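> As annotated in TrEMBL:
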type	residues	note
REPEAT	56-90	repeat 'PPR'
REPEAT	91-125	repeat 'PPR'
REPEAT	126-161	repeat 'PPR'
REPEAT	162-196	repeat 'PPR'
REPEAT	197-231	repeat 'PPR'
REPEAT	232-266	repeat 'PPR'
REPEAT	302-336	repeat 'PPR'
């Protein structure tokens with residue numbers, strides 16, 4: 001496509017009766033960004049002057065974008081400096097492109113330096129620049145710097161936080177374990193008439209559930225429904241996981257029924273439910289849910305769900321049922337994680353049988369016979385290392 005565009009560009013006078021102007025040059029220069037053809041873009045840039053076309057602000061913004069795409073951040077900064085020296089004043093987009101490139105590649109200190117330079121040069125960053133830095137710092141767990149940028153955002157008179165700002169901040173606070181601050185920010189968001197979205201809700205619900213604060217998660221869920229937002233499978237999954245973590249099995253099943261009625265279940269949902277039921281000792285309930293799914297019309301890979309059940313059955317000594325479940329997995333054509341499956345089988349089931357059996361090595365031999373049927377050579381060193389250490 002770029003070559004075709006170049007061909008049309010070179011024949012513009014014949015095709016359209018006019019020579020290409022700076023906008024045509026910039027458009028073609030920008031097209032070279034997609035295939036990462038920086039060297040070709042540089043050659044084309046030199047062609048500007050040959051054709052008597054003066055580069056403008058948009059031209060240099062494209063070159064900065066190209067340099068950042070190729071992770072040549074020093075070159076991008078040199079372009080910014082040259083623009084000032086040539087009285088071609090960079091704009092917020094010029095700086096924002098470099099700030100984003102540096103932050104996304106882990107150079108947050110340099111990104112902050114470029115951000116601060118904007119104020120020194122008499123430019124005011126837009127909300128996107130603030131959001132990039134807040135997100136970058138909080139993603140690496142740097143709460144202090146993330147909070148400082150947020151404070152600068154809310155105290156400034158030239159820019160105001162938007163819904164993305166709140167989402168980034170709430171998500172970052174939850175990542176850093178600052179769930180109460182996340183809730184405070186949620187309340188502030190509502191007071192400032194910022195419209196919440198699914199990302200905000202799912203972030204808070206997930207964070208509160210991880211903390212074990214299911215009541216707080218329910219509050220967010222309820223408010224979300226009241227504002228007219230429809231929960232998606234991610235939101236439902238986060239709340240379902242929260243109920244499982246605190247052992248609220250009744251609420252867990254009530255929510256599960258709602259999810260099924262709204263056709264808002266996927267493989268991850270089933271895995272969350274199976275793992276939660278098994279960990280809370282409701283193995284028979286888990287088996288019933290799985291049986292109902294197998295009898296339905298859906299066709300999902302529930303291998304991980306079976307893995308949770310196999311582990312639970314082995315721990316309860318129900319080895320025949322565990323082996324039956326394994327057979328069902330293979331019959332479906334699913335491939336269980338070999339290491340996980342092998343070590344669960346060894347630790348929780350058949351090898352335990354050896355310790356309880358009057359016939360020496362009975363459990364180990366039975367376990368190895370099953371493993372041989374679906375083994376891969378790459379896993380055997382770890383499996384036998386475990387056997388040697390335990391027996």
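Note that the numbers count up from 1, one per residue, in the order the chain is shown.
Each Cβ is built from the backbone N, Cα and C atoms, and glycine gets one as well.
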> Mind checking which residues of the chain, 6+ beyond the ends of the repeat 'PPR' (197-231), have their Cβ under 8 Å from one of its Cβ atoms?
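For the repeat 'PPR' (197-231), the nonlocal Cβ contacts are 163, 166-167, 170-171, 173-174, 177, 179, 182-183, 186, 189, 238-239, 241-243, 245-246, 248, 264.
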> What is the number of residues in the repeat 'PPR' (91-125) that are helix, strand and coil, as DSSP sees it?
26 helix, 0 strand, 9 coil
> On the DSSP side of things, how many residues of the repeat 'PPR' (126-161) fall into helix, strand and coil, could you say?
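DSSP classes over the repeat 'PPR' (126-161) add up to 26 helix, 0 strand, 10 coil.
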